[in-house]
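To start, the structure under review is shown below, and the notes come after it.
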Amino acid sequence: MFRRDYLKKPEWLKVKIPSGREFRDVLDLLEQYNLSTVCQEARCPNMHECWNKKSATIMILGKVCTRSCRFCAVKTGDPHCEIDPQEPDHVALVIGKLGLKYVVITSVDRDDLADKGSSHYAQTIACIREKNPDIKVEALIPDFSGEHTYIKKVVDARPYVIGHNVETVERLSSYIRDRRCRYETSLEVLRTVTHCDTTIFTKSGFMVGLGETKEDIIKTLTDLRDAGVDVVTIGQYLQPTRKHHFVQKYYTPQEFDELADIGKNMGIGHVLSGPLVRSSYHAEEILENREIGVEENT
């Protein structure tokens, strides 16, 4: 049974909101080219920190998701099969203007499209690499309904990293996520990426504080390890609005450290675990450490 009352937010989750010229520069560019970021749409607590470092996770395929999960602040509905054909070029242009060396591209789910948006993903990655040949691209993809052909389109575009989040533990998945999401499908997406190209890093993440047990978490970490995932992120669930699932528990920083140790000790290459950790948080630093074999907890 889930609690349906508010828990007081602990001090370690109270973030000072900075501002700066870099933050304004990122916002102006995004507005100029009609681009969205998951930072804005999902109300990420790290947005101001990342933007002030000229780092952003760009969200393609529009602002409207065809799925409705109980944890997510992104707008849901029917996008009516609309796609901005200029988006791949605009994304590549903005990345160049920001001078990024590493970028994360993510998207809403687009079940209304014949190929779930996979071709648009591949085209966007190709445009980015054409205009910014030295950049490393991380693609944080939806499940594409588990279709191997669509997943392979993104793999063939040769991003540096492909991530797909399981979001929560298996026991809660059918309740917390949209009914079209399947925990096993998410694992199969990750396995498919590795099967198609072993040189691409794989990454997944999930939230805690949704009502899971420690045993649930250990099982999820085991499943991700067995799927061949290189990097796992674990962060605190924060309720976006009153309409969303209530926070069931706030984990302490020490508990997050323990979860990182559990994952690392079972053989996962890198586990980034902390109250404000999100799947794209410090993405470049994680993979730099992974490349040189450093296993470091945060």
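Here, residue 1 is simply the first one shown, and the rest follow in order.
From the backbone N, Cα and C atoms, a Cβ is placed for every residue, glycine too.
Noted in TrEMBL for the protein shown:
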type	residues	note
BINDING	C39, C44, C50, S280	[4Fe-4S] cluster 1 binding site
DOMAIN	51-269	domain 'Radical SAM core'
BINDING	C65, C69, C72	[4Fe-4S] cluster 2 binding site
Count of other CB atoms lying within 10 Å of the CB belonging to C69 ([4Fe-4S] cluster 2 binding site):
20
Distance check, please: Cα of S280 ([4Fe-4S] cluster 1 binding site) against Cα of C65 ([4Fe-4S] cluster 2 binding site), rounded to an integer number of angstrom.
19
What are the other residues, in sequence order, whose C-beta lies within 8 angstroms of the center of the C-beta atoms of C65, C69, C72 at the [4Fe-4S] cluster 2 site?
R67, S68, F71, A73, V74, T76, V108, D109, D178
According to DSSP, does C65 ([4Fe-4S] cluster 2 binding site) fall in a helix, a strand, or coil?
strand
What average pLDDT does the predicted model assign to the domain 'Radical SAM core' (51-269)?
94
Which of the three DSSP-derived classes (helix, strand, coil) applies to S280 ([4Fe-4S] cluster 1 binding site)?
coil
